Amino acid sequence: MSKPTLCVLYGSQTGTAQDTAQRIARQAQRRKLQVQVLPLDSYNVANLISESLVVFVCATTGQGDPPDNMKNFWRFVFRKSLPVGSLSRLDCAILGLGDSSYPKFNFVAKKLHKRLLQLGASVLLPVGLADDQHDLGSDAVIDPWLTSFWEKVFALYPSLHVMCGCILLPPTYTFHFLDDVKETTDDRLRIPTEQTVPSQSRPFPCRLVSNRRVTDVSHFQDVRHIEFDITGSSIEFAAGDVVMMRPCNASEDVEQFCQLLRLDPDARFTLRPTDHNAGVFPARLPQPCTVRHLMESYLDISAVPRRSFFELLSTFATNELERDKLVEFSSAAGQDELLSYCNRPRRTTLEVLADFPHTTAELKADYLLDLFPEIQPRSFSIASSLQAHPRRLQILVAVVHYKTKMYKPRKGLCSSWLASLDPAQGEVHVPLWVKKGTLKFPKEKDTPVIMVGPGTGVAPFRSALQERIAEGKYANILFFGCRSESKDFYFRSEWDEMMKAGHLTLFTAFSRDQEDKVYVQHRVRENAGLLWDLIANKSACFYIAGNAKEMPDAVCDALKEAFQKEGGVSAEDAEQMLATMERSGQLQSETWS
């Protein structure tokens, strides 16, 4: 058989599935295969009937949802009108990227696998179910899965052979530097003239109105209440929706990066794809673009690098010691070493480049977009309602800042960037857009709502309470938890006003204000009678928002205990009740890790 063209299609929310898809594409190039890499929604799905070999790399988001860049594909592929044998010519493989701490682990990959079989596709090997919770991360599944995949491909196309892994592949784009240096405007801050709803491709630069610390100065964590003016943006949102934004790299990181790679930040360049199958052109980059804009707003240079970074970096190395170490970090056998060096101390890409000076000196600008991923959008639950604050959008942001064995404290890119923005120093605009959230609140006026939101998890519930009270819906119960009543009790005065007006019942848990730690799940357990009555007799909806680590499971366990204690049901029936509530939307959660 002649060599096929391999099509690698991905659905990626945070960039991990995209990185994996690009890694598969590089492996295909080393096997002299023609390869195309695309996000699923940029691919003409009608072409699937004529493809011979496709790998689908799919992440699962939220509560078993497909990523944003495969939603159109998802709707199409599940059309009932699609003929049963329409993909009978297709050989394919499905690799899922998930996190087993979420209940719908790798749901998208599993469901896609089932659907492709229904449509007659030949699936070459069992669906790969990578788990971020594994000690070695997703690669513990991806490595052996890829080995099996290539064995199947070689069986189908025996004429393939593998070129040496040390050979440098051509870059996806070439940089063409311009001789003249002109002032360029930042496209991100250009206010759109036509009235379109802001989106990922066209965010609206909203003016930052206030940026206020809401934790006590003695508290270990800096949490910000940030407000944006959305006048003229066409932005609308409801309780449960989220706001999206892309952060910028710190100026000192940009400066250090340019020094390490000996790049002039003011130099201007245009990009040209090196191959007609180069994939999606980086639409967010203006043409021409300055090196400074590329470093500041596009390349993620302060993230913890993935294994693929070391794989590509090793092909530049001429220094033997550095090359050996980079090859070790790239290999399946070296993953424990890589975890110790990079992941556990949260070492950044910049710090890695500084640790490998000889190799860094060999880097060519053409490979920047292959080496460094694009800065991914960050999402925040909207913490306000348009009914209470017209033309305003508010968020609650915990600034990520912690120590590891590294000399410099680790910082969250987006939270640190937001915290640094000071409207008192001059006008500040942040390009953003709004996305429908997963939480949906009942339309019926009499349906009670029970909300469990410790810490910054309370943000979507502030939005919901403001909206519900404006609509005359007063059956609201909130369980809020934090460390200390005097240090991080967010929106305390607002809750007091709502309670005085009879619009809210509030239960609080201040974990560190007494010897025995008290958490929201303890308060849920203590109020078993009230909760059983509201859920069993008044069809109340129950919501959980916050850190995915232990809290959601602990709250669900407390709720099941309440069903057993007050409803007299067995443990199995309590479990079944919870599952039924989840299926019907009576129990909803929005958690993050």
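Along the chain as shown, the residues are counted starting at 1.
A Cβ is built for glycine as well, from the same backbone N, Cα and C atoms used for every other residue.
Automatic prediction, not curation, is the source of TrEMBL annotations.
The domain 'Flavodoxin-like' annotation in TrEMBL covers 6-150. The FMN binding site annotation in TrEMBL covers 12-17, 59-62, 97-106, Asp132. Annotation comment: TrEMBL describes 201-442 as domain 'FAD-binding FR-type'. The feature FAD binding site is assigned by TrEMBL to Arg346, Arg378, Ser379, Phe380, Ser381, Gly412, Leu413, Cys414, Ser415, Trp592. As annotated by TrEMBL, NADP(+) binding site applies to Thr456, Ser511, Arg512, Lys517, Val518, Tyr519, Val520, Gln521.
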Surrounding CB atoms that lie within 10 Å of the CB of Ser415 (FAD binding site), all protein chains: 20
Residue from Arg346, Ser381, Val520 whose C-alpha is spatially nearest that of Gly62 (FMN binding site), among the binding-site residues: Ser381
Counts by DSSP class (helix H/G/I, strand E/B, coil) across the domain 'Flavodoxin-like' (6-150): 58 helix, 35 strand, 52 coil
Binding-site residues compared (Ala59, Leu413, Val520) - the one with the fewest other Cβ atoms within 10 Å: Leu413
Cα proximity to Arg512 (NADP(+) binding site), best match among binding-site residues Ser12, Phe105, Arg346: Arg346
Rounded inter-Cα distance in Å - Ser379 (FAD binding site), Gly15 (FMN binding site): 14
Cα-Cα distance linking Ser381 (FAD binding site) and Lys517 (NADP(+) binding site), given in Å to the nearest integer: 27
Alpha-carbon spacing, Tyr102 (FMN binding site) to Val518 (NADP(+) binding site), which is rounded to whole Å: 24
Residues near Gln521 (NADP(+) binding site) in space but at least six apart in sequence (CB under 8 A): Met551, Ala554, Val555, Asp557, Ala558
Local Cβ density at Tyr102 (FMN binding site) - other Cβ atoms counted within 10 Å: 21
For Ser415 (FAD binding site), the one of Gly15, Asp99, Tyr519, Val520 that lies nearest, given that the binding-site residues are compared by Cα: Gly15
Alpha-carbon distance [Asp99 (FMN binding site); Thr456 (NADP(+) binding site)] in Å: 22
Site with most surrounding Cβ atoms, counting all protein chains shown within 10 Å, from the binding-site residues Arg346, Arg512: Arg346
Under 8 Å by Cβ from Ser381 (FAD binding site), same chain, sequence gap 6 or more: Gly240, Val242, Ile395, Leu396, Gly437, Thr456, Ala459, Pro460, Ser463, Ala545, Glu590
